[in-house]
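Before any comments, here is the structure.
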Protein chains: 2
Amino acid sequence: MAKVKKAPRPKAQTPKGFRDYFGTEVTERAHMLSQIAGVYHRYGFDALESSAVETVEALGKFLPDVDRPNEGVFAWQDEDEDWVALRYDLTAPLARVYAQHRNDLPTPYRRYAMGPVWRNEKPGPGRYRQFYQCDADTVGAPSVAADAEICAMLSDTLEVVGIPRGDYLVRVNNRKVLNGVLETMGLSDDAQRDAVLRTIDKFDKVGEAGVRELLGKGRLDASGAFIDGVGLSDDQAAPVVAFLTSKGSDAAKTLANLRDAIGASAVGAEGVGELETIAELLDAQGYGTDRIEIDPSVVRGLGYYTGPVFEAELTFEILDEKGRKRQFGSVAGGGRYDDLVKRFTGQAVPATGVSIGVDRLLAALREKGRIGSTAQGPVVVTVMDRDRMADYQAIVAELRNGGIRAEVYLGNPKNFGNQLKYADKRQSPIAIIEGGEEKANGIVQIKDLILGAKLAQEATLEEWKERPSQYEVPRGELVAKVREILGLYE
Amino acid sequence: MAKVKKAPRPKAQTPKGFRDYFGTEVTERAHMLSQIAGVYHRYGFDALESSAVETVEALGKFLPDVDRPNEGVFAWQDEDEDWVALRYDLTAPLARVYAQHRNDLPTPYRRYAMGPVWRNEKPGPGRYRQFYQCDADTVGAPSVAADAEICAMLSDTLEVVGIPRGDYLVRVNNRKVLNGVLETMGLSDDAQRDAVLRTIDKFDKVGEAGVRELLGKGRLDASGAFIDGVGLSDDQAAPVVAFLTSKGSDAAKTLANLRDAIGASAVGAEGVGELETIAELLDAQGYGTDRIEIDPSVVRGLGYYTGPVFEAELTFEILDEKGRKRQFGSVAGGGRYDDLVKRFTGQAVPATGVSIGVDRLLAALREKGRIGSTAQGPVVVTVMDRDRMADYQAIVAELRNGGIRAEVYLGNPKNFGNQLKYADKRQSPIAIIEGGEEKANGIVQIKDLILGAKLAQEATLEEWKERPSQYEVPRGELVAKVREILGLYE
C-alpha cells in the first residue's frame, strides 16, 4: 500500500532569541512593576502606554541612502509600503508621544512607562530580543531640580522593591563638566575629540592607567593586540584623567577637584554648578551620600546625554559563573537629553529620565534570596470516584471561597498514584481525599504533603509516629483544618 | 540669500490603527488584570508569558501556494529568511508552548496569560490593531468538569472586577448537540452542511423567522437585497430551528427540548449529556441559573469549537451612539477545542478555555460609572522663590513620606498664574504656597483647589466667607492638614 505523504509538522519553538516565562517568573515581575509604579505615582508621574509598533520615521531608524531601516529594529512595510517597526526602547516613543499630544499634556510632563521592547540584535546567553524596560521621564523642565528628583525617586524605588540602603548607590556625573574639560584641552579636531570620548567610555574596563595609555601612545590589550592611542601628550591628557579621578571623600571635595579640572571653561563651570545644586537639593530632602553621590567616574551614557547623568549600582558581591566574587553592578541609568523632541517640532525641549533594567533587578533579588523561593501550588482535591465529581467540585469551591488556592484533579483519575505525582509536580501543600467510605462516614482525609515529604526525608520512626502527616476530619471542618495547616507554611 | 534646504521633519504620529493610552486608561486596566489574575490564581491556574513574536509556521498562518504569510498578521523575515510574526491571539502561542514544554509541564496544565495581541486588519472606530486579551485555558483534561470550572471561574471573575450578579449571564451551548442535529437532518452534502452552519451564525442578527427563511428559499435583508437560502424544506429545517429555540424555563426543560431536536444521533446524545453534567457540577458548587445557564441560542464560535461553548454577556442596557437603548452584550467567550496541539505533535490533546475582552469590560465598567471618575492629581508645591528650591523639595519629600502623591512645580516659576493653571491641568486637589513672608513667619498656605473650584461655581457670598478654601498653618502641621483635607475627598 502506498503511503500518503503528509505535510511536515510545524516545529514547536520560539523564534531565535525569544523565550517564554512561566509562573513566578511572570508574577514576580508583575509584582515588581506594580511596586515601581507605586513610587512613580507618588512622585506625581502619570502612566503612559504607547503602542508597541511605531513608524520607522518616528523612531529615526532610517540610515542615509539605504532603502530599509537600520538593523537593530524589527521592521516591516505596512499596506501603504511605509516602514513600521517594534519599539527598541521607551524613550523614542515618549518623544513621539510628547510631540503628538503636547497641546493636551501638562508642561512639565512627568510620565512613566513599563513594558517589553524589542532589539534585532544577535542573541546570546541571557541576552534576549524581547525584554522589559521601566522608565520615568520629565519632559519640559529645564531645572536640574528635575534631575535631582529622578535620583531621589530611583533611590526610593530600589528600597521599595527590596534593595536595602547600603546595598546600592546612585552615582551622578555631568556631561557639561566633561565638555568643559575637553574645552580646556583645546581639542580643535572633531575626530580627536570623538576619540577621547570613546576612550573615556573604556574607563570602566581599563581603569586610570589604561586610559592614560589609550589617550597617549596606545595599549596592549588582554589578548596581546596593540590598540592605537589618541596620541596626546601626558600634559594634554591630564585634565581628562583629573576629571575621571576627581571623586573626593565628600561632595565639596569632589566639586573642588572638578573645578580644577575644567579650568576657565564656562560650560564646565555650569556643569559643576549643576552638580552642586543637585547635591544641595538632595541633601535638603535627606538623601545622604550613603544613597546618592557625585561621582565623575560614571562614564556610561556620557556620550549620549547632554547634562546630568545617573547610574544606580548594586554594591554587594555575587559569585560569577566562574565562582569569582564580583560586584553585581548597574541596574538603572539615565540622564538629561535635550534634543529628542526637536526632531519632530524643531523646538528643543528639555527632558531628563531614568530606565530601570527590571530583569537585572529581579536577578539581583533572586541572587540575594529575597524572591524566588518555591511558589506554593494549589491544594489538590483528588478524585476517588469519577461519578462523584460534583462532590469534589463542591469541596474545591468551599476551599476557594475560604481564600485557599485549590483545584480538582482533572486528569484520568483511575490511577491514584498519578494524582499524587501530579500534586507533587504542582508543588501542592495538601491533597484532599474523599473515598466512598469517607463519604459514608461524613469525613475527609487531609494529606499534608510538605510535612510528609520532610518526614520521608528526615524523620526517625519515633518522629514519624508522633507527627502524622495525614489527618481525618469531619467534612464540615475541612476548610478550617486546611487553613490551619497552611498557616504553618505561610 | 539662498535658503538652506533641510531634511523634512518626521511626523509625530502612531502608525494607522494604533493608539496611546494615558494615565487612568493604563492604571485601570492594570488593576483589572491584577484582579483577574487573582481569581485565576485561586483556581490553580499558573501565569504564562510567551514571546510576542512567533514563527509563522507555529502560528499556522501560511496559506497554501502563497509565498508570504496570510494577511491578518504582522509578519517579516528574520536573518535566515524565515518568516516570523506578532501573535494575533493567546491561544495559538499556548498550543506552541504546550507542545514545546509538555515534558516539563503538569498534565492537566492550567495556565492564564494576559497581554497585547496584534491584528493586521482594517482599523475602524474603536477597532485597533493592538489590543489586550486575557485568557485562561486547561490543556490535557478531557472531562467536562474542566469546562464547568472555566464557567464558574468566569462568573467569579466578572463579579470580582465589579459586575454584580444579575448584570451578567454566562451562557453555555455545545457543538456536539449541533452535530447531532445536523446528523438527524441527514445532510450528506458538505456544502449544504456548511451553508447551514453559516446560517446559524446569523441567528443573533436575524432571529428565528430570519433563520427559517435563510434555511429555506431566502430572505430580503434590511438593505433590500435578496439573500439566497440554503433550499431546505420547512420539515428539513425544523430540527435546526428546534435546536436554536430549545431554551426552556429551567435546565431540565432545555435538555428535554434538546433531546427531541437531536433524534437518535449518538454524538448529539453525548453533547446533551455533557451539558447535563456541566449543569449538575455547577449546581453542586452553588452556581444557579442567575449566573450560568444552558442556552442553545449561543451560536458565536460554534463553528470553531468542538464541544462545550460559553459566552459571558452583560445584560444591562446602555445607550448606543444614536441614543437607542441596547444590551451591552458579550465580554468573554470560549469553549473546548481538541485539535490545536495536534498540529505540532500528531496527538490530539483536549483543551478548553476562555478569553476575556478586557477593553470591552473596562468600557462596561466606565459606562456604569464604576471606574473612570476623574483621577486625583498630585498635590502641587508651588515655587515662590526659585532660589529656595531646596525648601520646596524638602516640603514635597515630607508629603510623599506621609503617603501623599505630591510634586514640586518644575516649569518656569516666574508667572504664579501659570503654576495654578498647571495644578488645574494636573487635577491637583491642593496647592502649597510658601513665599518669603511665610517662610519668615514659619507658616505655609494650603489652597484647597477642589473646594475652591466648587465655591467659585456655586457659592453665595455668605458661603464663600464661611468656608475658606485657603488655610494658613504652621510649617510643622503641613502634612497633617493636607491629609485632613484629602480625607474629605478620598
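The backbone N, Cα and C atoms fix where each Cβ goes, glycine too.
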Which of A:Arg102, A:Arg119, A:Arg291, A:Arg324 shares the L-histidine site with A:Asp89, A:Leu90, A:Thr91, A:Gln133, A:Asp137, A:Arg300, A:Tyr304, A:Tyr305 in TrEMBL? The record says A:Arg119
Note: in the chain of A:Asp89 (L-histidine binding site), residues six or more apart in sequence with C-beta under 8 angstroms of its C-beta are A:Val117, A:Gln133, A:Ser355
For A:Tyr305 (L-histidine binding site), the same-chain residues 6+ apart in sequence with C-beta under 8 angstroms from its C-beta are A:Arg175, A:Gly335, A:Arg336, A:Tyr337
In chain order, residues whose C-beta lies under 8 angstroms from the C-beta of A:Thr91 (L-histidine binding site), counting only those at least six residues away in the same chain, are A:Asp135, A:Asp137, A:Tyr337, A:Leu340, A:Gly353, A:Ser355
Mapped onto three states, the DSSP assignment of A:Gln133 (L-histidine binding site) reads strand
